[in-house]
């Protein structure tokens, strides 16, 4: 698979394919696109020859933009644009995020508004295709004048600014000069504007955000699948998902969520088909399901709408020219701009984190019903498998751990974009997006969320197996589940502890084995996009095409 860069058509799926899937990258052969790239570079060259004043070319930067740069200093000032930002340390940015950042910077430069040589873009592409990842740090960017610090470590590495910039390649950590030589390049000086064009953009925070969105959409898909398992374990009615209800309140996400849940539950033996005329109630319980099921479309719908909006914003940002100044090669104009302000990325990440917190809290509240006999419609206390011993406690500790994770996930959902310092960079960056903080927190939240969902899937498997045993005498839940949820059940069951067993639930006697390896098996499958992901692929594809 090869992703072609033209500055305008990169999708979240493309970014995911390169960042996490290792897909190859190519520069478009479109003559118009290439003409814009070459043309913008020619505009800068002519402006320098004429002695025009251009920010960051013939001046210093930011709050020192009143300082003029002489002709013999033009190259040095571009080196300084990068050199001065090798200024951080701390935790490294994961390779997938570095790859996304390189891809987005290359794509942005392909718009032909940045005034750089095509050779710089070719180097970014060469690094990507070779699997060479500059060592970049999480800290240092406020997402205002772009991601100056993290993008510096990428830009300086592809230029070979100094051997102190390190690159990971084929399991080794090498200096950038060695890596350049391995790839057939030599160090090169930046031309006027090029140093600034490499680090003055939103590629780092938006690259992190793009990877987050892929995981967040996966998580939302899993969450809906988990709810479908829970609904069948709790003897839910399908009436809550009847299209008539949601036609009366036609928010796109609500309508989508109801339709998908209806599809997931169709044919389930424990689902009361009230929409089909079955009005019988179970064991004299409430005439209607509790809110967690009955209001699922109304609760989950805004999450779907919000994630769709965030995904669209990140995808748009990935196809922008976002450095300063920008050049119009058709007219020769240069524009002093603010496209480097990553506010859309910051807001999208703040929103995503908040929505993921709501999503996990909903799941946590449903599990509380399933483990509590007063609310579970006949499930065993704490979903104990073997009640005969009298000492098994089932999933009590697992749910306590999920309580902890749900709280952490919710805490990480607090906004960041509104907490910017007004004094940044000599008061020049007196508004700033904090997009890198927002995106890094979102990645951290997704780490916890995937762990939470692994535990939720284990709970769902145990719940439907307990229900199956109550209803049929067999612990193999395929006997009761809807056709649409059988693949998810099988995938989760195998990832956690092997094939379904008619005689024993996945957690039978507490001392048969620990819960930890079961959760780890599910988490590994989720992280590798294994069988659980494959089982939900149709649902994930539906979410990909959904538009709020």
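Using the three backbone atoms N, Cα and C, a Cβ is placed for every residue, glycine included.
Within 10 Å of the Cβ of residue 55 (active site, proton donor/acceptor) there are 18 other Cβ atoms, across all protein chains. Classification of residue 55 (active site, proton donor/acceptor) by DSSP places it in coil, neither helical nor stranded. Per Swiss-Prot, the feature active site, proton donor/acceptor maps to 55; the stated evidence is similarity to another entry.
Per Swiss-Prot, 2,3-didehydroalanine (Ser) is recorded for 145. All protein chains shown were included, and the count of other CB atoms within 10 Å of the CB of residue 145 (2,3-didehydroalanine (Ser)) stands at 24. Under DSSP, residue 145 (2,3-didehydroalanine (Ser)) is assigned to coil, being neither helix nor strand in the three-state scheme.
According to Swiss-Prot, the feature (E)-cinnamate binding site maps to 200, 288, 294, 324, 396, 425, 428, an assignment based on similarity to another entry. In sequence order, 56, 81, 145, 146, 148, 151, 323, 324, 340 are the residues of the chain that are 6 or more apart from residue 200 ((E)-cinnamate binding site) and have a CB within less than 8 Å of its CB.
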Alpha-carbon spacing, residue 55 (active site, proton donor/acceptor) to residue 428 ((E)-cinnamate binding site), which is rounded to whole Å: 14
Winner by Cβ contact number (other Cβ atoms within 10 Å) across the binding-site residues 324, 428: 324
Which listed residue (294, 396) has most other Cβ within 10 Å, given these are binding-site residues: 294
Close in space, distant in sequence - residue 288 ((E)-cinnamate binding site), Cβ under 8 Å, 6 or more apart: 237, 294
